[in-house]
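A.B. asks: Take a look at the following structure, please.
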């Protein structure tokens with residue numbers, strides 16, 4: 001089994017407070033705040049620029065994080081994500097919701113490559129704090145707008161007290177002359193209370209891909225919480241050797257036969273944005289969510305799952321909302337991957353597995 005925002009009318013009332021320097025953030029962004037200010041009287045949507053603070057990466061495959069603290073006096077609902085990045089600069093970006101950030105620094109190395117350098121390394125979120133992924137971007141993906149009435153709750157009445165932006169800089173040639181970068185995302189938000197709360201579940205695998213072979217990286221987790229999820233968007237992610245990624249809802253019918261319903265399928269080398277799911281039927285307790293990445297290793301060596309351009313990844317992000325209560329406590333679902341984990345293993349509880357390759361997965 002796999003492991004289981006806005007600004008008010010007053011200029012000085014700010015949605016997000018910079019973790020290190022309040023006045024620096026206000027001075028840097030006041031013009032933008034005025035232009036995109038939030039009108040609490042009308043409940044309109046505001047926009048907040050969450051961007052890297054003009055960084056200049058010096059190490060290939062560097063993961064950099066930067067935090068902002070959500071105004072603790074108000075509850076906000078993020079309803080859209082407008083990326084400010086290109087794949088020529090950023091390999092991918094992740095937006096984390098955290099109880100506490102990984103450090104108190106304005107930027108820090110939050111990737112595996114810190115082990116090979118003298119840089120201090122920390123995770124995006126604090127080691128014992130709330131942690132979830134809200135949004136992900138890669139390969140020139142476009143803006144994401146959530147369904148009407150749906151939002152990610154952050155701030156006062158949410159465990160998400162900080163937002164942390166992570167940017168993976170795979171290549172640094174463009175920074176050798178001292179150039180800087182402000183990749184990031186503009187967050188659309190409202191203070192208007194929303195009943196439909198959004199969540200993101202990340203499914204993925206560990207594992208290896210043998211040299212000159214095609215491998216199926218698979219994972220599955222059962223929904224054990226008494227909640228009804230309405231799926232609405234999905235996103236896939238691999239590195240350069242990914243061929244296709246697909247996700248399924250698996251449910252047993254009245255005769256005990258598992259029925260596999262596809263949620264989404266995508267070539268991971270197309271823009272890695274959130275696409276509409278192919279089936280919006282509710283996901284309930286007792287259902288399983290299952291994913292498969294087809295990876296073709298063209299190298300004359302084993303390729304491992306890992307964070308760098310020399311590694312591979314297998315990820316499927318599922319965005320959903322709940323109409324009542326809170327989102328899933330489960331935020332991540334990962335398996336050991338090959339050669340240890342496959343859907344067909346006797347202990348997974350999965351059966352009636354469709355002939356996916358024949359159906360042009």
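Glycine residues also receive a Cβ, built from the backbone N, Cα and C atoms like all the rest.
Dumping what TrEMBL says about this protein:
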type	residues	note
BINDING	91, 92, 168, 237, 239, 313	Cu(2+) binding site
DISULFID	65-110	disulfide bond
DISULFID	221-333	disulfide bond
DISULFID	293-314	disulfide bond
DOMAIN	50-175	domain 'Copper type II ascorbate-dependent monooxygenase N-terminal'
DOMAIN	197-345	domain 'Copper type II ascorbate-dependent monooxygenase C-terminal'
SIGNAL	1-24	signal peptide
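Thinking about packing and proximity, how do these listed features fit into the structure?
C.D. replies: Around residue 92 (Cu(2+) binding site), taking its Cβ as the centre, 22 other Cβ atoms fall within 10 Å, counting all chains.
For residue 110 (disulfide bond), the same-chain residues 6+ apart in sequence whose C-beta sits under 8 angstroms from its C-beta are 63, 64, 65, 102, 121, 122, 123, 124, 164, 166.
Within its own chain, residue 293 (disulfide bond) has 205, 216, 217, 218, 236, 238, 242, 244, 245, 268, 314, 315, 316 as residues 6 or more apart in sequence whose C-beta sits under 8 angstroms from its own.
Per-residue confidence over the domain 'Copper type II ascorbate-dependent monooxygenase C-terminal' (197-345) averages out at a pLDDT of 96.
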A.B. asks: Measuring Cα to Cα, how far is residue 92 (Cu(2+) binding site) from residue 333 (disulfide bond) in Å?
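C.D. replies: Each residue's Cα considered, residue 92 (Cu(2+) binding site) and residue 333 (disulfide bond) end up 20 Å apart.
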A.B. asks: Around the Cu(2+) site (91, 92, 168, 237, 239, 313), what further same-chain residues have their C-beta within 8 angstroms of the site's C-beta centre?
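C.D. replies: Result: 138, 170, 238, 307.
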A.B. asks: Fill in the CA-CA distance, residue 313 (Cu(2+) binding site) to residue 221 (disulfide bond), as an integer in Å.
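C.D. replies: Computed Cα spacing between residue 313 (Cu(2+) binding site) and residue 221 (disulfide bond) is 18 Å.
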